[in-house]
Amino acid sequence: MSTAAANPTAGRRRPASSRGLRAALLVVLALFLYALPLLNLPIISTPASDFRAVLFTVASYALVALGLNIVLGYAGLLDLGYVGFYAIGAYTVGVFGSLHGTLPFWLLIVLAVCISTASGLLLGAPTLRVRGDYLAIVTLGFGEIIRLVALNSEWLNGARGIQGVPRPPSVELFEVNPLTWDGFTAYVDLGETSVFMKFGLLDATPYYWLVLTVIILVLFGDVLLQRSRVGRAWEATREDEEAAELNGVPTFRFKLLAFAMGAFIGGLSGALFAARQGSINPEPFVIQLSMLFLAAVVIGGQGNRWGALVGAVVVAYLPERFREAAEFRVLIFGVALLLLANFRPQGLLPPRRAKRAKAASEQIAQLEEGAARG
Amino acid sequence: MAETTLSSTPAPAAGASPLLRMEKVTLRFGGVVALDDVSFEIQQGEILGLIGPNGAGKTTCFNALTGVYQPTSGQVVFDGLPLGRRKRYQINRMGIARTFQNIRLFQNMTARENVLVGADAHHRTGVLSALLRLPRHRREEAEGHRLADELLELMDLAHRADDLARNLSYGEQRRLEIARALATKPKLLCLDEPAAGFNPVEKQRLMDLIRTVRDRGNTVLLIEHDMRLVMGVTDRIVVLEFGKKIAEGRPEQIQNDPAVIAAYLGVEDDDA
């Protein structure tokens, strides 16, 4: 280890203070996001629809975008049927929690994740061996097939869907009152209360908190994976599959892994979606939803987890905030995508690879220190 | 860098077992015979040159022995084991690494990351190790970075370690490909026209590098157009023409071989 330690590359060290600052900023941001449904801020809040419900939707999209970012952004696999995994997650919770069983909620989540991951492996195993275009077509078909099966299967209750999907068990600890604003003056709204954590029908806040927590956990996992052999293998495979293979990367295995991770996260967010809705039917799982997910990742900047999150906010939040323009939603999206493709083809937040390289060498410096001490 | 320039003594050829044997390898694409019954051996520790006019089948030969193509008939035996239907990454792990005629780096990764990918060939960190930062991850990362630093140093690229591969100069990119290949710890390093586009000074440095690599214990298979480079650095040369082997021997024998002169110099009048 002395070779590396004795060989400090220029710019290896980002000052510890700046790293600390960054971490502190992220913590503040997270706290702010947790507080958002209570703060009900004037400009951010959505006047035309329930702000807390909007927040939940945005968070769901963000989680999905993180998952799709692994598949599309890291491994470079164009998955046009991501909604399929979302639907599988949602239906698993519905089927085994209400329609054909009464499993406890957390077990349902585990089951949903297992089934969607397994379906990802099943779908990926034959299709990831062929080149990119085929994958796009097959996944496109997959997404539609899942919806059509749900629509036509009696066992899945067809178009009627499933009612009484179990909610997460509530742990009622204390009540908080959200703020309400008169112009720019805040009042505590005594008419409304959020019970921490009561998963009920009306108040979406606890669901939002749950999804936000899941997002943070997934983010940690995402960072750890990307800054490891796994992330490098994905990136190399995306850059030049043949060169990667000839340099000892089992590309198929890593592509399948990315696909399965994507299915895992897609299924998870689908399951949480079903739990929040209380009832599901095949209708929302249309191909347009896949496209919207894809748009979130592409707009944000594929390959950048923060970009994917920003993209999800753009795709899910802006239309709710500007309801008055909702009629032109698709048109505006189209124009925005065109502009983006022309002026910023990498997305709003393209991956900053140079910075990452420095972080990697910094991390190894820490490892070396740790090894030297241990 | 060039401390071993003078060690142009031939490799320990006699008595050593062959590292790689091409056994009557034939490769057909439809009606085209790209390789026709080609047999030769590479001895442990030697630098073997593979030359021939354009379209003679040199790169096809590389592709056959790195698993990109399956021979139509015949077989490649490496280190005593036939390659058979092994996957390309498995063949790489057996100990064959290569560079490409047209550079194929991971352009949007840094130089160090490119080499790390090569070093990962023998690593086994998976999702669990990475997510939980298990000892295996830490050990393999540290080891990979150490190897990457060493190889970047060897290839005179240490100062560019954190630059994206796409931002390196042409010559640096070629050297980075060699570093990446070496990171997979190959027994046999196959270089496909590593000096293409180099000026004479760069070529000289490359020759030194190739010798350094050999002296580190690698066997080298070299495709090269530049006759001076090939004659200067190789221990033995195999000549292909139209997919057939037409000559094999020491550089000075090849230089005077009538068949080679006819094929190589008589047909084309560029090069050399």
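Cβ from N, Cα, C; glycine included.
Note that TrEMBL annotation is computational and uncurated.
Annotated features in TrEMBL:
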TRANSMEM  A:21-39  transmembrane segment
TRANSMEM  A:51-73  transmembrane segment
TRANSMEM  A:80-99  transmembrane segment
TRANSMEM  A:105-125  transmembrane segment
TRANSMEM  A:132-150  transmembrane segment
TRANSMEM  A:207-225  transmembrane segment
TRANSMEM  A:256-275  transmembrane segment
TRANSMEM  A:287-318  transmembrane segment
TRANSMEM  A:325-343  transmembrane segment
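Per-stretch counts of Cβ pairs under 8 Å to the transmembrane segment (A:80-99) identify A:256-275 as the leading one among A:21-39, A:132-150, A:256-275.
The stretches the transmembrane segment (A:287-318) and the transmembrane segment (A:51-73) meet in space: the count of Cβ pairs below 8 angstroms, excluding pairs fewer than 6 apart in sequence, reaches at least three. Residues 295, 298-299, 315, 319 of the same chain, all 6+ positions outside the transmembrane segment (A:325-343), place their C-beta atoms under 8 angstroms from a C-beta of that stretch.
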